[in-house]
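Before any comments, here is the structure.
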Amino acid sequence: MKAILLVLLCAFAATNADTLCIGYHANNSTDTVDTVLEKNVTVTHSVNLLEDSHNGKLCRLGGIAPLQLGKCNIAGXXLGNPECDLLLTVSSWSYIVETSNSDNGTCYPGDFIDYEELREQLSSVSSFEKFEIFPKTSSWPNHETTRGVTAACPYAGASSFYRNLLWLVKKENSYPKLSKSYVNNKGKEVLVLWGVHHPPTSTDQQSLYQNADAYVSVGSSKYDRRFTPEIAARPKVRGQAGRMNYYWTLLEPGDTITFEATGNLVAPRYAFALNRGSESGIITSDAPVHDCDTKCQTPHGAINSSLPFQNIHPVTIGECPKYVKSTKLRMVTGLRNIPSIQSRGLFGAIAGFIEGGWTGLIDGWYGYHHQNGQGSGYAADQKSTQNAIDGITNKVNSVIEKMNTQFTVVGKEFNNLERRIKNLNKKVDDGFLDVWTYNAEMLVLLENERTLDFHDSNVKNLYEKARSQLRNNAKEIGNGCFEFYHKCDDACMESVRNGTYDYPKYSEESKLNREEIDGVKLESMMVYQILAIYSTVASSLVLLVSLGAISFWMCSNGSLQCRICI
């Protein structure tokens with residue numbers, strides 16, 4: 001009975017002890033992050049670094065609408081294909097959009113020489129001034145300028161021709177040598193386009209140009225070529241057995257370009273003074289053009305985001321996040337989110353940083369929970385919380401600032417003969433993309449690991465701060481909590497929290513209570529030892545008596561024979 005009373009006394013004393021726990025904030029967040037060592041760690045707060053949404057629209061970029069080519073492509077727009085007349089009035093754009101069915105390019109069959117390079121040049125052009133480089137009515141008085149039409153380039157059901165070129169043919173059975181020059185006085189680069197016709201037969205050559213041995217010569221300070229017609233039978237394309245090759249050059253300011261020909265020249269009528277724009281580009285997209293504005297455009301749609309990474313499309317125009325292959329890039333800013341199981345008791349399961357966080361701690365990341373004669377409650381440690389918030393905020397901002405270099409990324413242009421180069425370029429681009437993706441993911445993993453370790457360290461420092469003040473005036477109960485050996489009212493609790501705890505003031509009371517509790521424990525232990533010895537002896541005697549009784553019974557009924565030899 002005495003032992004039972006002593007045990008109850010110990011339990012009663014422990015229950016009434018004032019207690020202080022160090023712990024951290026928890027909430028109902030379901031955000032998860034990855035670290036170097038763990039995946040899907042639930043945290044209280046995090047920020048997303050990866051944009052994965054767009055609006056599915058083509059929008060104005062910098063307040064300027066895109067040039068939607070519709071069924072036309074760059075070749076058709078630059079040469080003036082009759083099917084592209086709606087584009088003739090457009091002089092500025094933020095970017096150029098081709099669609100998957102932009103097939104109206106060169107209507108008269110032939111090769112567009114260095115077409116991919118022209119596309120590359122135009123991808124950085126945001127506007128142009130279209131002007132008549134050689135006026136139709138006055139530049140070619142000795143040559144016919146109205147007969148150069150073809151059924152391959154129809155308009156309104158009749159034969160027509162490119163709007164920006166003039167197909168010169170003989171006039172009154174004569175094609176005199178022509179020589180025409182233009183001096184670039186626009187103060188900017190001028191795009192000049194022309195063509196050379198290759199008839200299928202000598203009869204067609206004479207019928208169109210009179211001269212059998214015709215040539216075309218084009219020269220400037222940086223361009224000098226001489227062309228001769230290649231007369232040969234060819235299969236018909238778009239009803240034409242002849243071919244027409246198309247050429248272009250960029251004329252620098254102050255430079256002169258001269259055209260000389262005795263036949264077969266498809267002369268330039270209009271040229272383009274170009275204005276470069278760093279954010280321009282050419283994309284292929286079937287998305288519709290809408291009345292909207294954006295800073296970043298992709299073929300799938302516009303992105304309005306300040307995040308450093310996106311996984312929507314590798315081709316972008318404007319101030320765009322860097323494309324990566326990742327599906328998740330989330331950086332932790334809070335703590336591990338492990339809410340305590342309240343049903344296990346106030347100090348059983350919400351035992352600070354060991355077993356879980358506190359949803360009741362709402363005004364800080366780290367703090368205290370106390371229980372004394374005046375009640376119980378939570379109190380955040382504002383200083384350590386603010387220092388942590390400032391440090392993590394600066395780190396996140398630094399990461400975003402370093403990685404948030406805005407990009408315009410457009411596809412490179414290769415013709416069909418450059419497939420090996422194109423494939424090699426794709427492999428190189430894929431390699432760079434893999435490196436970017438790896439760097440981004442590893443950066444986030446490392447920073448997440450460091451942040452969570454940082455929080456653990458802050459909680460531990462808070463615990464050590466309390467332990468160094470309390471010393472032997474309180475007992476560590478192994479779960480982030482201290483059990484006081486003295487009465488600790490709210491003022492006392494506050495002094496522990498703010499670092500002004502008066503150890504000598506409570507040391508004498510703590511010493512007496514500690515000795516009393518230790519004495520009770522010692523006496524209780526002695527009683528337990530006596531009870532244990534008594535129990536052992538008693539159980540041994542019972543066992544011996546039982547064995548003797550069984551043996552006597554077995555001997556009396558003959559089941560067991562006992563012989564005593566002397």
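Cβ from N, Cα, C; glycine included.
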Residue among Cys59, Cys72, Cys153 that, according to Swiss-Prot, closes a disulfide with Cys107: Cys153
All-chain count of other Cβ atoms within 10 Å of Cys72 (disulfide bond): 23
When distances run from the Cα of Asn104 (N-linked glycosylation site) to each of the recorded positions Asn28, Cys59, Cys153, Asn304, Cys320, the nearest one: Cys153
Cβ atoms near Asn27 (N-linked glycosylation site) (within 10 Å, other residues, all chains): 18
Mean predicted confidence [pLDDT] for the topological domain 'Cytoplasmic' (551-566): 58
Cys296 (disulfide bond) to Asn304 (N-linked glycosylation site) - Cα separation in whole Å: 7
